[in-house]
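First up is the structure itself, then whatever we jot down about it.
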Amino acid sequence: MKKKIAVLLGGNSSERKISIKSGYAILQSLLRSGFNAYAIDTRDFPIMQLKKQGFDSAYIALHGTGGEDGSIQGILEYLNIPYTGSGIMSSAISLDKWRTKLLWKSLSLRVLPDIYLQKKDISKYTYSYILKKILKLKFPVVIKPNNAGSSIGITIVNHPDLLIDSINLAFNYSNNIIIEKFLKGTEYTVSILNKKVLPPIKIITKNNFYDYSSKYIESSTEYICPSGLNYQKEEELKKIVEIAWNSLGCKGCGRIDAILDNKDKFWLLEINTIPGMTHRSLVPMAAKSIGISFDELILKILKINK
């Protein structure tokens, strides 16, 4: 008898739409491969009923809060249902950008200087206090939600007059935010499949950075794979990514973003433990560059689930 697989998608996070696209692409792939798979929107389905409904395994296609933060992983472990991707602790830390950076920094991996602000303490911060901190970083800065993905709620701020609106925007998506030094450089993303680091992809966008529009809307964004890095530099980047990935105890499939500055140094940006699987997604592109089709990729991820 075939195993009954729940493709968990949708949810309540700000990345719901992308999750649905990813989830249905995964579902169709599993069906093509002959699996007994079903789409389960965690916003509407009582997740504690998965076992009673006969599901044997879960393929997590949820993005952001409720999917990448360890909560769904905890429920699945309680239900004793195997699932794809990283475990509870790795997921929780990885979605927390600030704590991820603290860990990477402790390993002497380059991360950009930042300021961490919590919504519950915002009344303690005066405008002059925040501005004084930012002036140490120097403008421009990037203001981003601490616990959100897909570049949602992120703005680049070049002038003090734009600070308050940008901070409030970021707080709409997370109770904690990061104000980070903006670094102009060449962006790369590196995918990991099980313990294998896939070829880096160079990202060229006409926008100031690789934002939501660049990822999901703009057709002008270019993805270069092979990346154009020389062998030594590419191996350096892959090694940095491998260390960063393993430090968090991640498993399965993921992606880490980095930027190369004008002094030829790589800086880590952030990690994605449940990367998108849409037609514009980068993990399938990296896999394809070494001969792994989309359906083969989905099967490989399924086979290394917990």
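Heads up, the Cβ atoms here are built off N, Cα and C, so glycines get one too.
Listed in Swiss-Prot for this protein:
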ACT_SITE  Glu15  active site
DOMAIN    101-303  domain 'ATP-grasp'
BINDING   134-189  ATP binding site
ACT_SITE  Ser150  active site
BINDING   Asp257, Glu270  Mg(2+) 1 binding site
BINDING   Glu270, Asn272  Mg(2+) 2 binding site
ACT_SITE  Ser281  active site
**Report entry** Rounded to the nearest Å - Cα separation of Ala148 (ATP binding site) and Asn272 (Mg(2+) 2 binding site)
**Finding:** 10
Report summary line: Among the recorded positions listed as Ile134, Leu183, Ser281, the Cα nearest the Cα of Glu270 (Mg(2+) 1 binding site) belongs to Leu183
Report task. Starting from Asn272 (Mg(2+) 2 binding site), work out which of the binding-site residues listed here (Ile134, Leu162, Asn176, Asp257) have their Cα within 10 Å, and give them in sequence order. Result -> Asp257
Query raised in the report: When a 10 Å sphere is centred on the Cβ of Asn272 (Mg(2+) 2 binding site), how many other Cβ atoms does it contain?
Result: 21
Query raised in the report: What residues, ordered by sequence, lie under 8 A Cβ-to-Cβ from Leu169 (ATP binding site) and sit at least six positions away in the same chain?
Result: Ile143, Gly153, Thr155
**Report entry** Spatial neighbour of Leu183 (ATP binding site) that is closest, considering only the recorded positions Glu15, Asp257, Ser281 and their CA atoms
**Finding:** Asp257
Query raised in the report: Where the distance is taken from Cα to Cα, which of the recorded positions Glu15, Ile134, Leu162 turns out closest to Ser281 (active site)?
Result: Glu15
Report summary line: For Leu162 (ATP binding site) and Asp257 (Mg(2+) 1 binding site), the CA-to-CA distance in whole Å is 26
Report summary line: Cα of Asn176 (ATP binding site) to Cα of Asp257 (Mg(2+) 1 binding site), in Å and rounded, measures 21
Requested in this report: May I ask which of the binding-site residues Ile134, Val141, Asp257 is closest to Glu15 (active site) if we compare their C-alpha atoms?
Outcome: Asp257
